[in-house]
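Structure first, then comments.
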Amino acid sequence: MATTTTETVTAPAPRQTQVRIHLHTRSDDIELPQDTGPILVSTEVKRYQLSTLVNRLLETEKPVPLEFLINGQFLRSSLDDFLTQNGISAETTLRVEYVRALIPPLYVASYEHDDWVSAVDVLSPSSKPVRWMRNAEGPAMPQRILSGSYDGLLRVWNTSSEVIATGQGHTASVKAAKFISPTQVVSSSVDRTIRLWKFEDAAAESAGTLTPTLELFGHKASVDRIAAHAPSSRILSASADHTIGLWSSKKAEAPAAPEEVLPSANKRRKLSNTKTVPQRGPLSQLLGHQSQIADVCFDEKDATVGYSASWDHTVKTWDLTTSACVDTRTTAQSLFSICHLSESSLLATGTSARHITLIDPRASATTVSAMTLRGHTNVVVSLAKDPNSSYQLVSGSHDGTCRVWDIRSVRAEAMDRVGDSVYVIERNSASGGSRPAAGEGVKVFSVCWDADVGIVSGGEDNQVQINKSTTS
């Protein structure tokens, strides 16, 4: 009887695909030697393996966490998946940029107020008011936090949660407050005024002073946001009366205040026992919006240019030397906040549709929206850029969170480029409980980002909150 022999043949393992990558960075302190050429790696590697590879090449004593960018996008998968999703051949030599990974901003402290906190700002050696004053990095100086509240008061805090100075002068809720210099503060209010203050610092609690020095009249409704540029002595204001105010912080430069918006004679008599504060009017009022102005900002590189965002769905560009609107971009939603990202030539705008729309204001732009950042569950009312990065920003929303974004982290989706937040900062006052989706009780009204202090936010929970990462 014949015997049939069956041989089992094992197929050879498929050969692993490899791709050439050329690693580079813009950070001098973690730059590879110039003679480091393209490296052949498996397409199966992900971020962690690439980070390990770069650290080995750098021969670092302590590993530096790194992120990797290819064609302006963060690597969030294996190289193979990235190549497939973006239609890139493995035969291509990939230019891969590596950057320090953003460290999560951890909770540091909260400062309790008697009412909602509507505005926050920071004074530190690296902050704009100090750099403007010296045109260089400032000397060692105390860090100070400015807050404006619905109780009508301004407060300057130290980092030990002590109030150094209190400013009383507004007759209604404060809506915005900024440091102009280490000795000058500007604020605006529902009382329709903008006020300038002299700040005298002190080491001891309550030993400092905020003294009113100038009252600016011209708006006929609440003044909800302000922007200041100390080198030009200019202030921009956003009002519910549909106008933008352009003001001087110098009394001698400012014209007389319009009679029709000054307090009545009876009110003046009631205040006759107090020291009279000089009153002035606007250099000009910018007309063109059809609804409430939500926010304003100066161009980061050219203070003769301003930008405004309005409930009428538009962003307008203004020539501040002529007070003329030179460009209008119309979006699909009401806009509640604006921030200029000068290095990327973009304007970030917070919308009523719960996302952030990035707009290219240049005349050469062919579309209104350059990118959309999604993740918030309520309106986005405040924006601030990362002082250490050209690509990162933080947003504050009525959903009770701040979110950190990196505009290099994007994906293609239908007709738009969409980005997701890198980190979410919850309100510490809501810890231990579930945050309502709409943010009731913990809405964020204002946020700023300082290189020394970190991310500072204020909100409906009556608190200023500080979060900081080791890279802030």
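Glycine is no exception: its Cβ is also placed from the backbone N, Cα and C atoms.
Proximity of distant same-chain residues to the compositional bias 'Low complexity' (255-265), defined by a Cβ-Cβ separation under 8 Å and at least 6 residues beyond the stretch ends, is recorded for 192, 215-220, 279-283. Per TrEMBL, the feature compositional bias 'Low complexity' maps to 255-265.
Positions annotated as domain 'NLE' by TrEMBL: 19-83.
Taken from TrEMBL, the feature region 'Disordered' covers 255-282.
According to TrEMBL, the repeat 'WD' annotation covers 167-207 (among others). Across the repeat 'WD' (167-207), the model assigns an average pLDDT of 97.
Feature annotation from TrEMBL assigns repeat 'WD' to 216-257 (among others).
Sorting each residue of the repeat 'WD' (286-328) by its DSSP state yields 0 helix, 24 strand, 19 coil. Annotation source TrEMBL lists repeat 'WD' at 286-328 (among others).
TrEMBL lists 373-415 (among others) with the feature repeat 'WD'. Through the fold, the repeat 'WD' (373-415) approaches residues 69, 72-74, 76, 102, 105, 126, 294, 336-341, 343-344, 346, 348-352, 354-358, 421-427, 430, 435-451, 455, 457, 459-460, 467, 471-472 of its own chain, all at least 6 residues removed from its boundaries and within a Cβ separation under 8 Å.
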